[in-house]
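Following: one structure in C-alpha coordinates, then a few remarks.
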Amino acid sequence: MVNQQTIVTRRRSASVAGERVFDFIVYAIAGLIMLIVLYPLLFVLSASFSDPVRVMNGDLWLLPVGFTLDAYKEIFRYDAVWTGYRNTLLYTGVGTIINVTMTTLAAYPLSRRDLPGRRILMFLITFTMFFNGGMIPTYLVVKNLHLVDTMWAMIVPTAIATYNLIVMRTYFQNSIPWELQEASMIDGCTNTRLLLHIILPLSKPIIAVMVLFYAVNQWNAFFNALIYLRDDALYPLQLVLREILIVSQSSYLDSSGSTFGMTEKLLLAESIKYGLIIIASIPVIMMYPFVQKHFVKGVMIGSIKE
Amino acid sequence: MENWRRAWKRALSRYDLYLMLLLPVAWYVVFQYGPMYGVQIAFRDYIPVKGITGSDWVGFDNFDRFFSSYYFGRLLWNTVSISLLSLLIAFPIPILLALLVTEIRSQRFKKLLQNITYMPHFISVVVIVGMLQLFLDPKSGFVNLILNAFGFESVPFMESEGWFKTILVGSNIWQNMGWASIIYIAALSGINPHLYEAAMVDGASRLRRLWHISLPGITPIMIIMLILDVGAFMNVGFEKILLMQNDLNRGASDVIQTFIYNNGILQGDFSYSAAVGLFNSAINFTLLVLINGYARRKAETSLW
(Lines of atoms letter the chains of each structure in order from A and count residues from 1; the text may use other names and numbers.)
(Lines give C-alpha, C1' and ligand atoms only; values in the text may rest on other atoms or scores of the structure.)
Protein backbone atom coordinates (compact mmCIF):
# COMPACT_ATOMS: atom_id res chain seq x y z
CA MET A 1 0.00 0.00 0.00
CA VAL A 2 2.68 2.47 1.06
CA ASN A 3 4.66 2.55 -2.15
CA GLN A 4 1.49 2.52 -4.21
CA GLN A 5 0.64 5.65 -2.34
CA THR A 6 3.98 7.26 -3.16
CA ILE A 7 3.51 6.47 -6.82
CA VAL A 8 0.18 8.17 -6.69
CA THR A 9 1.43 11.30 -4.96
CA ARG A 10 4.29 11.60 -7.42
CA ARG A 11 2.03 11.19 -10.38
CA ARG A 12 -0.88 13.30 -9.38
CA SER A 13 0.17 16.14 -7.16
CA ALA A 14 -3.23 17.74 -7.71
CA SER A 15 -4.94 15.02 -5.73
CA VAL A 16 -2.65 15.43 -2.72
CA ALA A 17 -5.14 17.68 -0.98
CA GLY A 18 -7.87 15.12 -1.55
CA GLU A 19 -5.65 12.42 -0.08
CA ARG A 20 -5.00 14.55 2.97
CA VAL A 21 -8.70 15.05 3.60
CA PHE A 22 -9.31 11.34 3.12
CA ASP A 23 -6.55 10.47 5.58
CA PHE A 24 -7.86 12.97 8.08
CA ILE A 25 -11.35 11.46 7.96
CA VAL A 26 -9.95 7.93 8.31
CA TYR A 27 -7.90 8.83 11.38
CA ALA A 28 -10.73 10.84 12.94
CA ILE A 29 -13.20 7.94 12.64
CA ALA A 30 -10.60 5.46 13.89
CA GLY A 31 -9.86 7.68 16.90
CA LEU A 32 -13.53 8.00 17.69
CA ILE A 33 -14.02 4.23 17.52
CA MET A 34 -11.10 3.61 19.87
CA LEU A 35 -12.56 6.13 22.30
CA ILE A 36 -16.00 4.51 22.22
CA VAL A 37 -14.56 1.05 22.82
CA LEU A 38 -12.04 2.02 25.49
CA TYR A 39 -13.99 4.55 27.54
CA PRO A 40 -16.45 2.14 29.20
CA LEU A 41 -13.62 -0.23 30.08
CA LEU A 42 -11.49 2.50 31.62
CA PHE A 43 -14.51 3.86 33.45
CA VAL A 44 -15.12 0.49 35.12
CA LEU A 45 -11.47 0.23 36.11
CA SER A 46 -11.42 3.74 37.59
CA ALA A 47 -14.78 3.38 39.31
CA SER A 48 -13.59 0.25 41.09
CA PHE A 49 -10.82 2.28 42.75
CA SER A 50 -12.96 5.34 43.46
CA ASP A 51 -14.97 6.69 46.34
CA PRO A 52 -18.54 5.48 45.57
CA VAL A 53 -20.13 8.74 46.72
CA ARG A 54 -18.14 10.74 44.23
CA VAL A 55 -18.85 8.26 41.41
CA MET A 56 -22.58 8.64 42.09
CA ASN A 57 -22.23 12.42 42.05
CA GLY A 58 -20.77 12.20 38.58
CA ASP A 59 -17.28 13.38 39.56
CA LEU A 60 -15.59 10.48 37.83
CA TRP A 61 -14.58 11.17 34.25
CA LEU A 62 -11.53 9.12 33.56
CA LEU A 63 -9.10 8.79 36.45
CA PRO A 64 -10.14 7.46 39.89
CA VAL A 65 -11.57 10.05 42.28
CA GLY A 66 -10.96 9.62 46.00
CA PHE A 67 -8.73 6.60 45.46
CA THR A 68 -9.67 3.68 47.72
CA LEU A 69 -9.30 -0.08 47.84
CA ASP A 70 -12.43 -0.58 49.98
CA ALA A 71 -14.35 -2.37 47.21
CA TYR A 72 -11.59 -4.93 46.72
CA LYS A 73 -11.16 -5.40 50.46
CA GLU A 74 -14.87 -6.14 50.70
CA ILE A 75 -14.86 -8.51 47.73
CA PHE A 76 -12.12 -10.52 49.39
CA ARG A 77 -14.59 -11.37 52.14
CA TYR A 78 -17.19 -12.90 49.86
CA ASP A 79 -16.96 -16.64 50.00
CA ALA A 80 -19.39 -17.02 47.11
CA VAL A 81 -17.05 -15.11 44.80
CA TRP A 82 -14.06 -17.23 45.68
CA THR A 83 -16.00 -20.48 45.49
CA GLY A 84 -17.12 -19.34 42.07
CA TYR A 85 -13.58 -18.46 41.10
CA ARG A 86 -12.31 -21.85 42.18
CA ASN A 87 -15.11 -23.64 40.33
CA THR A 88 -14.49 -21.67 37.17
CA LEU A 89 -10.77 -22.44 37.31
CA LEU A 90 -11.60 -26.12 37.73
CA TYR A 91 -14.18 -26.19 34.91
CA THR A 92 -11.91 -24.21 32.62
CA GLY A 93 -8.90 -26.42 33.34
CA VAL A 94 -10.55 -29.82 33.07
CA GLY A 95 -12.95 -28.66 30.36
CA THR A 96 -10.22 -27.30 28.11
CA ILE A 97 -8.15 -30.47 28.36
CA ILE A 98 -11.16 -32.57 27.39
CA ASN A 99 -12.16 -30.11 24.63
CA VAL A 100 -8.76 -30.10 22.99
CA THR A 101 -8.29 -33.87 23.29
CA MET A 102 -11.70 -34.65 21.81
CA THR A 103 -11.29 -32.10 19.04
CA THR A 104 -7.88 -33.47 18.09
CA LEU A 105 -9.14 -37.06 18.14
CA ALA A 106 -11.86 -36.07 15.69
CA ALA A 107 -9.96 -33.58 13.56
CA TYR A 108 -6.96 -35.76 12.76
CA PRO A 109 -8.73 -38.83 11.32
CA LEU A 110 -11.15 -36.57 9.45
CA SER A 111 -8.23 -34.70 7.90
CA ARG A 112 -6.93 -37.94 6.38
CA ARG A 113 -7.99 -38.17 2.79
CA ASP A 114 -7.51 -41.95 2.83
CA LEU A 115 -10.16 -42.45 5.52
CA PRO A 116 -13.12 -44.37 4.09
CA GLY A 117 -16.41 -42.73 5.10
CA ARG A 118 -14.82 -39.36 5.72
CA ARG A 119 -17.30 -37.41 3.60
CA ILE A 120 -20.39 -38.80 5.25
CA LEU A 121 -18.89 -38.28 8.72
CA MET A 122 -17.99 -34.68 7.90
CA PHE A 123 -21.49 -34.12 6.59
CA LEU A 124 -23.11 -35.50 9.74
CA ILE A 125 -20.83 -33.36 11.91
CA THR A 126 -21.26 -30.14 9.93
CA PHE A 127 -25.02 -30.66 9.80
CA THR A 128 -25.21 -30.21 13.58
CA MET A 129 -24.01 -26.62 13.13
CA PHE A 130 -27.18 -25.79 11.24
CA PHE A 131 -29.76 -28.01 12.79
CA ASN A 132 -30.04 -29.43 16.26
CA GLY A 133 -32.62 -30.76 18.67
CA GLY A 134 -32.79 -27.51 20.59
CA MET A 135 -32.59 -26.49 24.20
CA ILE A 136 -35.23 -28.78 25.73
CA PRO A 137 -34.30 -32.13 24.13
CA THR A 138 -30.62 -31.38 24.92
CA TYR A 139 -31.54 -30.62 28.51
CA LEU A 140 -33.44 -33.91 28.74
CA VAL A 141 -30.45 -35.86 27.44
CA VAL A 142 -28.17 -34.28 30.05
CA LYS A 143 -30.77 -34.86 32.74
CA ASN A 144 -31.31 -38.52 31.81
CA LEU A 145 -27.55 -39.09 31.97
CA HIS A 146 -27.70 -37.79 35.57
CA LEU A 147 -25.23 -35.03 34.79
CA VAL A 148 -27.48 -32.30 36.21
CA ASP A 149 -26.01 -30.71 39.32
CA THR A 150 -22.54 -32.13 38.76
CA MET A 151 -19.48 -30.37 37.40
CA TRP A 152 -19.66 -32.59 34.32
CA ALA A 153 -22.76 -30.72 33.17
CA MET A 154 -20.42 -27.80 32.55
CA ILE A 155 -17.95 -29.88 30.59
CA VAL A 156 -19.42 -32.87 28.76
CA PRO A 157 -22.32 -31.28 26.81
CA THR A 158 -19.89 -28.74 25.34
CA ALA A 159 -17.00 -31.17 24.84
CA ILE A 160 -16.67 -30.39 21.12
CA ALA A 161 -17.39 -27.16 19.28
CA THR A 162 -17.96 -28.14 15.66
CA TYR A 163 -16.57 -24.87 14.36
CA ASN A 164 -13.28 -25.49 16.19
CA LEU A 165 -13.16 -29.04 14.89
CA ILE A 166 -13.43 -27.75 11.34
CA VAL A 167 -10.72 -25.14 11.96
CA MET A 168 -8.34 -27.78 13.31
CA ARG A 169 -9.07 -30.19 10.51
CA THR A 170 -8.42 -27.45 7.96
CA TYR A 171 -5.07 -26.80 9.61
CA PHE A 172 -4.07 -30.48 9.53
CA GLN A 173 -5.01 -30.69 5.87
CA ASN A 174 -3.38 -27.50 4.66
CA SER A 175 -0.35 -27.02 6.88
CA ILE A 176 1.05 -30.50 7.26
CA PRO A 177 2.49 -31.98 4.08
CA TRP A 178 0.62 -35.10 3.04
CA GLU A 179 3.88 -36.54 1.71
CA LEU A 180 5.26 -36.49 5.23
CA GLN A 181 2.34 -38.58 6.46
CA GLU A 182 2.61 -41.00 3.55
CA ALA A 183 6.34 -41.44 4.04
CA SER A 184 5.86 -42.25 7.71
CA MET A 185 3.13 -44.74 6.86
CA ILE A 186 5.42 -46.52 4.44
CA ASP A 187 8.03 -46.71 7.18
CA GLY A 188 5.46 -48.69 9.15
CA CYS A 189 4.50 -45.92 11.54
CA THR A 190 1.09 -46.45 13.14
CA ASN A 191 -1.47 -43.66 13.12
CA THR A 192 -1.21 -43.18 16.86
CA ARG A 193 2.55 -42.71 16.63
CA LEU A 194 2.15 -40.49 13.60
CA LEU A 195 -0.29 -38.25 15.47
CA LEU A 196 1.70 -38.09 18.69
CA HIS A 197 5.23 -37.80 17.33
CA ILE A 198 4.87 -36.05 13.98
CA ILE A 199 1.55 -34.28 13.59
CA LEU A 200 1.13 -32.76 17.06
CA PRO A 201 4.66 -31.35 17.35
CA LEU A 202 4.05 -29.64 14.00
CA SER A 203 0.67 -28.33 15.15
CA LYS A 204 1.63 -26.20 18.13
CA PRO A 205 0.11 -23.03 16.66
CA ILE A 206 -3.30 -24.61 16.13
CA ILE A 207 -3.24 -26.28 19.54
CA ALA A 208 -2.58 -22.87 21.10
CA VAL A 209 -5.54 -21.47 19.17
CA MET A 210 -7.78 -24.31 20.35
CA VAL A 211 -6.71 -24.01 23.99
CA LEU A 212 -7.46 -20.29 23.90
CA PHE A 213 -10.79 -20.55 22.09
CA TYR A 214 -12.05 -23.23 24.43
CA ALA A 215 -10.62 -21.70 27.61
CA VAL A 216 -12.24 -18.32 26.97
CA ASN A 217 -15.54 -20.03 26.24
CA GLN A 218 -15.37 -22.05 29.44
CA TRP A 219 -14.36 -19.03 31.46
CA ASN A 220 -17.30 -16.99 30.17
CA ALA A 221 -19.91 -19.79 30.09
CA PHE A 222 -23.00 -19.07 32.10
CA PHE A 223 -26.04 -20.47 30.33
CA ASN A 224 -25.29 -24.15 30.89
CA ALA A 225 -24.61 -23.38 34.54
CA LEU A 226 -27.94 -21.59 34.71
CA ILE A 227 -29.91 -24.55 33.40
CA TYR A 228 -27.89 -27.48 34.76
CA LEU A 229 -26.67 -26.38 38.20
CA ARG A 230 -28.93 -25.90 41.24
CA ASP A 231 -26.42 -26.29 44.04
CA ASP A 232 -24.72 -22.93 44.56
CA ALA A 233 -21.56 -24.64 45.80
CA LEU A 234 -21.08 -25.65 42.15
CA TYR A 235 -21.76 -22.20 40.67
CA PRO A 236 -19.08 -20.89 38.36
CA LEU A 237 -17.97 -17.30 38.71
CA GLN A 238 -20.26 -16.05 35.93
CA LEU A 239 -23.35 -17.28 37.75
CA VAL A 240 -22.24 -15.66 41.01
CA LEU A 241 -21.63 -12.48 39.03
CA ARG A 242 -25.10 -12.70 37.58
CA GLU A 243 -26.59 -12.89 41.07
CA ILE A 244 -24.66 -9.86 42.28
CA LEU A 245 -24.53 -7.66 39.17
CA ILE A 246 -27.86 -8.35 37.54
CA VAL A 247 -30.28 -9.99 39.93
CA SER A 248 -28.78 -7.78 42.66
CA GLN A 249 -29.06 -10.42 45.32
CA SER A 250 -27.98 -8.41 48.32
CA SER A 251 -27.80 -11.58 50.38
CA TYR A 252 -24.61 -12.34 48.51
CA LEU A 253 -23.21 -9.07 49.76
CA ASP A 254 -24.09 -9.92 53.32
CA SER A 255 -20.96 -11.14 54.91
CA SER A 256 -20.61 -11.07 58.62
CA GLY A 257 -17.48 -9.50 59.98
CA SER A 258 -17.60 -6.66 57.51
CA THR A 259 -16.02 -3.49 58.80
CA PHE A 260 -18.63 -1.30 57.12
CA GLY A 261 -22.01 -0.07 58.35
CA MET A 262 -25.29 -0.49 56.46
CA THR A 263 -25.42 2.80 54.53
CA GLU A 264 -21.74 2.59 53.72
CA LYS A 265 -22.37 -0.89 52.43
CA LEU A 266 -25.21 0.17 50.17
CA LEU A 267 -22.92 2.77 48.67
CA LEU A 268 -20.08 0.34 48.49
CA ALA A 269 -22.30 -2.13 46.65
CA GLU A 270 -21.83 -0.09 43.48
CA SER A 271 -18.04 -0.02 43.77
CA ILE A 272 -18.10 -3.72 44.53
CA LYS A 273 -19.87 -4.34 41.25
CA TYR A 274 -17.18 -2.44 39.36
CA GLY A 275 -14.50 -4.31 41.28
CA LEU A 276 -16.08 -7.67 40.52
CA ILE A 277 -16.15 -6.91 36.82
CA ILE A 278 -12.41 -6.26 36.97
CA ILE A 279 -11.67 -9.36 39.04
CA ALA A 280 -13.73 -11.58 36.73
CA SER A 281 -12.19 -10.21 33.55
CA ILE A 282 -8.58 -9.96 34.69
CA PRO A 283 -7.39 -13.42 33.62
CA VAL A 284 -8.73 -12.95 30.11
CA ILE A 285 -7.62 -9.33 29.77
CA MET A 286 -4.15 -10.06 31.15
CA MET A 287 -3.40 -12.85 28.74
CA TYR A 288 -4.97 -10.95 25.87
CA PRO A 289 -1.90 -8.99 24.68
CA PHE A 290 0.15 -12.19 24.57
CA VAL A 291 -2.32 -14.36 22.78
CA GLN A 292 -4.37 -12.12 20.54
CA LYS A 293 -2.33 -12.98 17.46
CA HIS A 294 -3.16 -16.66 18.01
CA PHE A 295 -6.85 -15.83 18.19
CA VAL A 296 -6.64 -13.87 14.97
CA LYS A 297 -4.83 -16.77 13.33
CA GLY A 298 -7.66 -19.06 14.43
CA VAL A 299 -10.25 -16.90 12.78
CA MET A 300 -8.16 -16.72 9.61
CA ILE A 301 -7.77 -20.50 9.36
CA GLY A 302 -11.50 -20.79 9.96
CA SER A 303 -12.17 -18.57 6.99
CA ILE A 304 -10.37 -20.83 4.52
CA LYS A 305 -12.92 -22.57 2.45
CA GLU A 306 -12.15 -25.87 0.84
CA MET B 1 -18.72 -57.76 -4.40
CA GLU B 2 -15.03 -57.29 -5.14
CA ASN B 3 -15.42 -53.51 -4.60
CA TRP B 4 -17.08 -54.03 -1.24
CA ARG B 5 -14.33 -56.33 -0.12
CA ARG B 6 -11.68 -53.87 -1.16
CA ALA B 7 -13.45 -51.02 0.67
CA TRP B 8 -13.75 -53.20 3.75
CA LYS B 9 -10.05 -54.03 3.62
CA ARG B 10 -9.17 -50.39 3.21
CA ALA B 11 -11.27 -49.47 6.21
CA LEU B 12 -9.86 -52.33 8.26
CA SER B 13 -6.28 -51.32 7.57
CA ARG B 14 -7.05 -47.92 9.10
CA TYR B 15 -8.76 -49.30 12.18
CA ASP B 16 -6.70 -47.05 14.46
CA LEU B 17 -8.17 -43.95 12.83
CA TYR B 18 -11.66 -45.22 13.64
CA LEU B 19 -10.50 -45.98 17.15
CA MET B 20 -9.55 -42.33 17.55
CA LEU B 21 -12.94 -41.30 16.21
CA LEU B 22 -14.75 -43.53 18.67
CA LEU B 23 -15.14 -41.02 21.52
CA PRO B 24 -15.92 -37.96 19.38
CA VAL B 25 -18.46 -39.90 17.31
CA ALA B 26 -20.06 -41.24 20.49
CA TRP B 27 -20.28 -37.65 21.73
CA TYR B 28 -21.97 -36.51 18.53
CA VAL B 29 -24.40 -39.40 18.71
CA VAL B 30 -25.37 -38.70 22.32
CA PHE B 31 -25.23 -34.92 22.56
CA GLN B 32 -26.15 -33.85 19.02
CA TYR B 33 -28.17 -36.67 17.48
CA GLY B 34 -29.66 -37.71 20.83
CA PRO B 35 -31.56 -34.40 21.10
CA MET B 36 -32.58 -34.69 17.43
CA TYR B 37 -34.16 -38.04 18.25
CA GLY B 38 -35.66 -36.57 21.41
CA VAL B 39 -37.25 -33.69 19.53
CA GLN B 40 -40.16 -36.03 18.75
CA ILE B 41 -41.56 -35.12 22.18
CA ALA B 42 -42.79 -32.00 20.36
CA PHE B 43 -45.44 -34.30 18.87
CA ARG B 44 -46.14 -36.13 22.12
CA ASP B 45 -47.45 -35.43 25.57
CA TYR B 46 -44.11 -36.12 27.20
CA ILE B 47 -44.24 -37.49 30.72
CA PRO B 48 -40.74 -38.22 32.07
CA VAL B 49 -41.64 -41.51 33.80
CA LYS B 50 -43.18 -42.88 30.58
CA GLY B 51 -40.07 -42.01 28.55
CA ILE B 52 -39.96 -40.54 25.07
CA THR B 53 -41.56 -43.34 23.08
CA GLY B 54 -43.90 -44.31 25.89
CA SER B 55 -45.58 -40.91 26.01
CA ASP B 56 -48.83 -40.42 24.03
CA TRP B 57 -48.69 -39.16 20.47
CA VAL B 58 -50.62 -35.91 20.10
CA GLY B 59 -49.67 -34.82 16.59
CA PHE B 60 -49.56 -31.07 16.10
CA ASP B 61 -51.43 -30.15 19.30
CA ASN B 62 -48.42 -28.44 20.87
CA PHE B 63 -47.84 -26.41 17.72
CA ASP B 64 -51.53 -25.40 17.56
CA ARG B 65 -51.36 -24.31 21.15
CA PHE B 66 -48.34 -22.11 20.39
CA PHE B 67 -49.77 -20.57 17.21
CA SER B 68 -53.02 -19.68 18.95
CA SER B 69 -51.29 -18.51 22.12
CA TYR B 70 -51.66 -14.93 23.28
CA TYR B 71 -47.87 -14.51 23.16
CA PHE B 72 -47.27 -15.88 19.66
CA GLY B 73 -47.54 -12.58 17.79
CA ARG B 74 -45.40 -10.70 20.27
CA LEU B 75 -42.70 -13.39 20.40
CA LEU B 76 -42.48 -13.63 16.64
CA TRP B 77 -42.39 -9.85 16.18
CA ASN B 78 -39.68 -9.34 18.81
CA THR B 79 -37.57 -12.16 17.43
CA VAL B 80 -37.88 -11.05 13.83
CA SER B 81 -37.40 -7.35 14.53
CA ILE B 82 -34.28 -7.87 16.67
CA SER B 83 -32.83 -10.12 14.01
CA LEU B 84 -33.61 -7.71 11.17
CA LEU B 85 -32.16 -4.84 13.17
CA SER B 86 -28.97 -6.86 13.68
CA LEU B 87 -28.72 -7.76 10.00
CA LEU B 88 -29.31 -4.20 8.85
CA ILE B 89 -27.06 -2.42 11.34
CA ALA B 90 -24.73 -4.83 13.11
CA PHE B 91 -23.85 -6.82 9.99
CA PRO B 92 -22.39 -4.00 7.83
CA ILE B 93 -20.40 -2.28 10.60
CA PRO B 94 -17.54 -4.85 10.79
CA ILE B 95 -17.21 -4.56 7.00
CA LEU B 96 -16.90 -0.77 7.23
CA LEU B 97 -14.44 -1.17 10.10
CA ALA B 98 -12.31 -3.55 8.03
CA LEU B 99 -12.27 -1.09 5.13
CA LEU B 100 -11.26 1.65 7.57
CA VAL B 101 -8.45 -0.47 9.02
CA THR B 102 -6.95 -1.17 5.62
CA GLU B 103 -7.04 2.53 4.73
CA ILE B 104 -4.84 3.43 7.73
CA ARG B 105 -1.27 3.92 6.55
CA SER B 106 0.52 3.94 9.88
CA GLN B 107 1.14 0.31 10.80
CA ARG B 108 1.31 1.07 14.53
CA PHE B 109 -1.95 2.97 14.54
CA LYS B 110 -3.57 0.18 12.57
CA LYS B 111 -2.42 -2.45 15.09
CA LEU B 112 -3.62 -0.27 17.95
CA LEU B 113 -7.08 0.13 16.46
CA GLN B 114 -7.32 -3.62 15.86
CA ASN B 115 -6.13 -4.60 19.33
CA ILE B 116 -8.51 -2.22 21.03
CA THR B 117 -11.56 -3.18 19.02
CA TYR B 118 -10.93 -6.93 19.47
CA MET B 119 -10.78 -6.65 23.25
CA PRO B 120 -14.50 -6.49 24.20
CA HIS B 121 -15.07 -9.81 22.41
CA PHE B 122 -13.46 -11.60 25.37
CA ILE B 123 -15.69 -10.08 28.02
CA SER B 124 -18.49 -12.37 29.19
CA VAL B 125 -22.14 -11.54 28.49
CA VAL B 126 -22.82 -11.44 32.21
CA VAL B 127 -20.23 -8.71 32.63
CA ILE B 128 -21.51 -6.80 29.59
CA VAL B 129 -25.06 -6.77 30.93
CA GLY B 130 -23.74 -5.86 34.38
CA MET B 131 -21.89 -2.93 32.83
CA LEU B 132 -25.03 -1.83 30.99
CA GLN B 133 -26.95 -1.84 34.26
CA LEU B 134 -24.29 0.19 36.01
CA PHE B 135 -23.88 2.73 33.21
CA LEU B 136 -27.58 3.14 32.47
CA ASP B 137 -28.83 3.24 36.05
CA PRO B 138 -31.34 6.12 36.39
CA LYS B 139 -29.73 7.42 39.61
CA SER B 140 -26.05 6.65 39.47
CA GLY B 141 -25.26 5.60 35.89
CA PHE B 142 -22.91 7.95 34.07
CA VAL B 143 -25.13 8.13 30.98
CA ASN B 144 -27.99 9.57 33.02
CA LEU B 145 -25.63 11.83 34.95
CA ILE B 146 -24.57 13.34 31.64
CA LEU B 147 -28.23 13.72 30.60
CA ASN B 148 -28.93 15.45 33.92
CA ALA B 149 -25.95 17.76 33.45
CA PHE B 150 -27.53 18.94 30.19
CA GLY B 151 -30.85 19.48 31.92
CA PHE B 152 -32.62 16.32 30.77
CA GLU B 153 -34.54 13.95 33.00
CA SER B 154 -33.09 10.53 33.77
CA VAL B 155 -34.20 7.73 31.47
CA PRO B 156 -34.74 4.25 32.96
CA PHE B 157 -33.10 2.64 29.92
CA MET B 158 -32.96 -0.93 31.20
CA GLU B 159 -36.57 -0.88 32.38
CA SER B 160 -37.97 0.48 29.15
CA GLU B 161 -39.55 -1.38 26.24
CA GLY B 162 -38.73 1.40 23.81
CA TRP B 163 -34.99 1.33 24.48
CA PHE B 164 -34.52 -2.41 24.76
CA LYS B 165 -33.67 -3.27 21.16
CA THR B 166 -31.45 -0.25 20.69
CA ILE B 167 -29.43 -1.12 23.79
CA LEU B 168 -29.21 -4.78 22.83
CA VAL B 169 -28.04 -4.24 19.27
CA GLY B 170 -25.87 -1.26 20.21
CA SER B 171 -23.96 -3.18 22.88
CA ASN B 172 -23.62 -6.14 20.52
CA ILE B 173 -21.97 -3.87 17.99
CA TRP B 174 -19.68 -2.44 20.67
CA GLN B 175 -18.63 -5.93 21.72
CA ASN B 176 -18.32 -7.70 18.40
CA MET B 177 -17.51 -5.28 15.60
CA GLY B 178 -13.75 -5.67 15.99
CA TRP B 179 -13.75 -9.42 16.17
CA ALA B 180 -16.14 -9.78 13.26
CA SER B 181 -13.96 -7.48 11.16
CA ILE B 182 -10.96 -9.87 11.28
CA ILE B 183 -12.33 -12.09 8.57
CA TYR B 184 -12.90 -9.13 6.24
CA ILE B 185 -9.46 -7.68 6.97
CA ALA B 186 -7.99 -11.05 6.02
CA ALA B 187 -10.01 -11.08 2.80
CA LEU B 188 -8.97 -7.51 1.96
CA SER B 189 -5.30 -8.32 2.41
CA GLY B 190 -5.74 -11.13 -0.08
CA ILE B 191 -6.83 -8.86 -2.92
CA ASN B 192 -4.32 -8.70 -5.77
CA PRO B 193 -2.31 -5.41 -5.40
CA HIS B 194 -2.06 -5.10 -9.20
CA LEU B 195 -5.74 -4.26 -9.29
CA TYR B 196 -5.12 -1.22 -7.11
CA GLU B 197 -2.08 -0.19 -9.14
CA ALA B 198 -4.01 -0.40 -12.38
CA ALA B 199 -6.81 1.69 -10.88
CA MET B 200 -4.32 4.30 -9.72
CA VAL B 201 -2.82 4.54 -13.17
CA ASP B 202 -6.34 5.19 -14.42
CA GLY B 203 -6.60 7.97 -11.86
CA ALA B 204 -9.18 6.42 -9.55
CA SER B 205 -9.48 8.13 -6.16
CA ARG B 206 -9.13 6.15 -2.93
CA LEU B 207 -12.86 6.19 -2.44
CA ARG B 208 -13.42 4.84 -5.94
CA ARG B 209 -10.82 2.15 -5.38
CA LEU B 210 -12.63 1.18 -2.19
CA TRP B 211 -15.90 0.96 -4.05
CA HIS B 212 -14.70 -0.73 -7.23
CA ILE B 213 -11.93 -3.02 -5.98
CA SER B 214 -12.05 -3.57 -2.21
CA LEU B 215 -15.76 -4.11 -1.89
CA PRO B 216 -16.14 -6.53 -4.83
CA GLY B 217 -13.02 -8.31 -3.55
CA ILE B 218 -14.68 -9.21 -0.27
CA THR B 219 -18.16 -9.85 -1.64
CA PRO B 220 -17.81 -13.66 -1.52
CA ILE B 221 -16.90 -13.67 2.18
CA MET B 222 -19.67 -11.15 2.86
CA ILE B 223 -22.15 -13.50 1.27
CA ILE B 224 -20.87 -16.45 3.31
CA MET B 225 -21.15 -14.48 6.54
CA LEU B 226 -24.62 -13.32 5.58
CA ILE B 227 -25.73 -16.89 4.90
CA LEU B 228 -24.39 -17.99 8.30
CA ASP B 229 -26.18 -15.11 10.04
CA VAL B 230 -29.44 -15.79 8.26
CA GLY B 231 -29.09 -19.46 9.23
CA ALA B 232 -29.22 -18.35 12.88
CA PHE B 233 -31.89 -15.73 12.21
CA MET B 234 -34.24 -16.85 14.98
CA ASN B 235 -31.59 -17.33 17.68
CA VAL B 236 -30.97 -13.60 18.29
CA GLY B 237 -28.27 -14.11 20.95
CA PHE B 238 -30.92 -14.91 23.51
CA GLU B 239 -28.53 -15.59 26.40
CA LYS B 240 -27.87 -11.88 26.60
CA ILE B 241 -31.55 -11.07 26.17
CA LEU B 242 -32.35 -13.39 29.05
CA LEU B 243 -29.92 -11.49 31.26
CA MET B 244 -31.32 -8.12 30.19
CA GLN B 245 -34.94 -9.18 30.58
CA ASN B 246 -37.11 -7.83 33.42
CA ASP B 247 -40.84 -7.42 33.97
CA LEU B 248 -40.84 -3.86 32.68
CA ASN B 249 -39.18 -4.51 29.32
CA ARG B 250 -40.73 -7.92 28.67
CA GLY B 251 -43.00 -6.54 25.97
CA ALA B 252 -39.92 -5.92 23.82
CA SER B 253 -37.54 -8.54 25.16
CA ASP B 254 -39.65 -11.68 25.04
CA VAL B 255 -38.27 -13.72 22.15
CA ILE B 256 -38.92 -17.30 21.14
CA GLN B 257 -35.78 -18.67 22.81
CA THR B 258 -36.43 -16.94 26.15
CA PHE B 259 -40.00 -18.26 25.98
CA ILE B 260 -38.60 -21.79 25.58
CA TYR B 261 -36.32 -21.28 28.57
CA ASN B 262 -39.12 -19.93 30.76
CA ASN B 263 -41.67 -22.59 29.82
CA GLY B 264 -39.38 -25.55 29.41
CA ILE B 265 -36.54 -25.24 31.89
CA LEU B 266 -38.25 -23.17 34.59
CA GLN B 267 -41.79 -24.55 34.37
CA GLY B 268 -41.06 -28.03 33.04
CA ASP B 269 -43.55 -27.86 30.15
CA PHE B 270 -41.20 -29.98 28.03
CA SER B 271 -43.34 -31.05 25.07
CA TYR B 272 -44.75 -27.60 24.48
CA SER B 273 -41.39 -25.84 24.62
CA ALA B 274 -39.74 -28.54 22.51
CA ALA B 275 -42.41 -27.82 19.88
CA VAL B 276 -41.67 -24.11 20.05
CA GLY B 277 -37.97 -24.93 19.73
CA LEU B 278 -38.58 -27.14 16.72
CA PHE B 279 -40.59 -24.36 15.09
CA ASN B 280 -37.62 -22.07 15.71
CA SER B 281 -35.00 -24.44 14.28
CA ALA B 282 -37.23 -25.30 11.33
CA ILE B 283 -37.45 -21.63 10.35
CA ASN B 284 -33.69 -21.20 10.75
CA PHE B 285 -32.96 -24.21 8.63
CA THR B 286 -35.44 -23.25 5.94
CA LEU B 287 -34.03 -19.74 5.75
CA LEU B 288 -30.53 -21.18 5.51
CA VAL B 289 -31.43 -23.50 2.64
CA LEU B 290 -33.32 -20.73 0.82
CA ILE B 291 -30.64 -18.07 1.07
CA ASN B 292 -27.89 -20.54 0.28
CA GLY B 293 -29.72 -21.62 -2.87
CA TYR B 294 -30.38 -18.02 -3.82
CA ALA B 295 -26.74 -17.03 -3.30
CA ARG B 296 -25.56 -20.00 -5.34
CA ARG B 297 -27.76 -19.05 -8.27
CA LYS B 298 -27.31 -15.27 -8.15
CA ALA B 299 -23.80 -14.77 -6.83
CA GLU B 300 -22.21 -18.19 -7.38
CA THR B 301 -21.06 -18.20 -3.75
CA SER B 302 -22.57 -20.54 -1.22
CA LEU B 303 -21.88 -22.73 1.76
CA TRP B 304 -22.51 -25.92 -0.19
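Every residue, even glycine, has its Cβ placed from backbone N, Cα and C.
Annotated transmembrane segment per TrEMBL: A:21-42 (among others), in sequence order.
If you look up TrEMBL, you'll see A:85-285 marked as domain 'ABC transmembrane type-1'.
Residues annotated as transmembrane segment in TrEMBL: A:89-108 (among others). Note on the transmembrane segment (A:89-108): residues 125, 151, 154-156, 158-161, 164-165, 168-169, 172, 195, 199-200, 207, 210-211, 214-215, 218-219, 221, 236 of its chain, located 6 or more positions outside it, place their CB under 8 angstroms from a CB of the stretch.
For the transmembrane segment (A:120-140), the residues of the chain that approach it from at least six positions outside its boundaries are 106, 110, 157, 162-163, 165-166, 227-228, judged by C-beta separation under 8 angstroms. The transmembrane segment annotation in TrEMBL covers A:120-140 (among others).
Annotated transmembrane segment per TrEMBL: A:152-172 (among others), in sequence order.
Sequence annotations record features per position, and here TrEMBL assigns transmembrane segment to A:193-216 (among others).
Long-range contacts of the transmembrane segment (A:272-291) within the same chain, counting only residues at least 6 positions beyond its ends with a Cβ under 8 Å from a Cβ of the stretch, are 44-45, 47-48, 71-72, 74-75, 81, 85, 208, 212, 216, 219-220, 237-238, 241, 244-245, 253. As annotated by TrEMBL, transmembrane segment applies to A:272-291 (among others).
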